[in-house]
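The structure under discussion appears below in the form of structure tokens.
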Amino acid sequence: TCNLTGWWENDLGSKMQVFRVDNDGTFSGEYHTAVSSTVKPIQPSPLTGSQHLDEDGQCTFGFTVNWKKFSDSTAVFVGQCFSGNDGKEVLHTSWLLREKVGSEPDDWRATR
């Protein structure tokens, strides 16, 4: 089965650490992004999520990252864990990032 606990790294050099996955699939951790559009120094950010526990081990999951330590934005990620023939686990994810904007007319540019 796919175990999200531990360190993961993406193609851009960002890393996340999942501390542990509870029996109901909930988890927490920290996200260490390697990319940012803010001028403030990047800092590790808390994440919370939920994993769908499947018997075949190729689970789906989702988590939220609050960049509150250096940015006024929040990101959500959804994905699936795949266990390859070599036993290596790989995560495939998609994400949305919501930045804070100053007014409702600017809402159109707030989500990436």
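Note: Cβ is positioned from N, Cα and C throughout, glycine not excepted.
What TrEMBL lists as disulfide bond is Cys2-Cys81. Just so you know, the Cβ of Cys2 (disulfide bond) picks up 19 other Cβ atoms within 10 Å once every protein chain is counted.
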Inset, instruction - Would you count the other CB atoms within 10 A of the CB of Cys81 (disulfide bond), including those on all shown protein chains? - result: 22
